[in-house]
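Visitor: So that we are looking at the same thing, I have put the structure below in structure tokens.
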Amino acid sequence: MGCLGNSKTEDQRNEEKAQREANKKIEKQLQKDKQVYRATHRLLLLGAGESGKSTIVKQMRILHVNGFNGEGGEEDPQAARSNSDGEKATKVQDIKNNLKEAIETIVAAMSNLVPPVELANPENQFRVDYILSVMNVPDFDFPPEFYEHAKALWEDEGVRACYERSNEYQLIDCAQYFLDKIDVIKQDDYVPSDQDLLRCRVLTSGIFETKFQVDKVNFHMFDVGGQRDERRKWIQCFNDVTAIIFVVASSSYNMVIREDNQTNRLQEALNLFKSIWNNRWLRTISVILFLNKQDLLAEKVLAGKSKIEDYFPEFARYTTPEDATPEPGEDPRVTRAKYFIRDEFLRISTASGDGRHYCYPHFTCAVDTENIRRVFNDCRDIIQRMHLRQYELL
């Protein structure tokens, strides 16, 4: 009898060989992808709304990508420049919208505050009427008279007095910055500077990923909206996170959140930090704490109009700790204030610390590129240690 076991045709044998080779290639690629995945540091940016998370992401793009271009992967410098200019042009509208929102919000608040604020020059009332009349106009085209009225109102001492009470209503942080630049922004050939783009406020909704490389190490940074209704999306990002960067608006001690106009913003951040620190899915993930908006905190403390103890009574008994390291020339009142806020967060992390994750605080100013460069460089060793521990290599 003939042997039937070797009845495969030449074509079948070639096909099986090709399949084996294809499987090997797939397996090799999967192993390579796995190595790249395991070598990537995934950073999750969390924090309450308007704490500065998106500004941190913008700084990473300035420092480690090609600035403000679309993808950040162009090898051709001319293409990168072209994309960067294109994105800046699209941001002009966002900046103009910030400017419009700022002057609208201030003049609308004047009559609603208790006690109300009067115009220093009553003849400017027609300008107020104009600003309020265009408040909800869709696709506003920013005619010259808008800039004229906005500038005249911004120079009115009554409007300035209302601005000084902005903790009593909801005003974007960049209001003064852009109102001071009306003459620049109104120009037809206006191109935003990097600082303009850093200051520009656009509500983050959803999850945004930014990829960048530092000294051949891959980083993926996830920016998630901080408003209450956005937080349910956070859990989608918890898988394989190397570290959490929790961003706090330190200057918000005298402000309330937009969502309910009642809850103190800094208290909201403390509550949120506590819930993240104690979350059972995150008990092994350390937190890098960015105590942000130090420039605005210093302004408020030195102005002396809103005292921290009026909102956090325990500050009256607080003394600056021995480990405090003031910035050169820093006023002792500012040092005391910023370390008080730091210690409020550290009380939470030490109260329920189990040695499985740690909190690393840093004082930041997200609109200051050099500050963020220095802080992120300081954090890289911490992130590397977390990454090694994550894959049980340490």
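One is the number of the first residue shown, and numbering goes on along the chain from there.
In case you wondered, yes, glycine gets a Cβ from its N, Cα and C as well.
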Visitor: Given 124-132, 178-186, 196-204, which one carries Swiss-Prot's region 'G2 motif' label?
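Guide: Range annotated as region 'G2 motif' by Swiss-Prot: 196-204.
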Visitor: Between the candidate ranges 288-295, 312-319, 336-343, where does Swiss-Prot place the region 'G4 motif' annotation?
Guide: 288-295
Visitor: I'm validating the feature mapping. Which of 34-39, 346-351, 364-369 is tagged region 'G5 motif' in Swiss-Prot?
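Guide: Feature region 'G5 motif' in Swiss-Prot: residues 364-369.
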Visitor: Checking feature assignment: region 'G3 motif' per Swiss-Prot, candidates 149-158, 219-228, 229-238. Which range matches?
Guide: 219-228
Visitor: For SER51, THR55, GLN294, SER352, listed as recorded positions, tell me which one has the smallest number of other Cβ atoms within 10 Å.
Guide: SER352
Visitor: Going along the chain, which residues six or more apart from CYS200 (GTP binding site) have their CB under 8 A from its CB?
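Guide: Residues satisfying the criterion: LYS91, ASP94, ILE95, ASN98, CYS174, PRO192.
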Visitor: Are there residues at least 6 beyond the ends of the region 'G1 motif' (42-55) whose Cβ is under 8 Å from a Cβ of it, and what are they?
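Guide: The answer is 172-173, 198, 201-202, 204, 208, 219-228, 230, 234, 237-238, 240-249, 252, 257-259, 265, 268-269, 272, 276, 290, 292-293, 364, 366-367, 383.
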Visitor: Given the recorded positions THR204, GLN294, LYS300, SER352, tell me which ones have a C-alpha lying within 10 Å of the C-alpha of SER54 (Mg(2+) binding site).
Guide: THR204
Visitor: Take the C-alpha atoms of LYS300 (ubiquitin cross-link) and GLN294 (GTP binding site) and report the distance between them in angstrom, rounded.
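Guide: Between the alpha carbons of LYS300 (ubiquitin cross-link) and GLN294 (GTP binding site) there are 10 Å.
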Visitor: How many Å separate the Cα atoms of THR204 (GTP binding site) and SER352 (phosphoserine)?
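Guide: Answer for this pair: 31 Å between alpha carbons.
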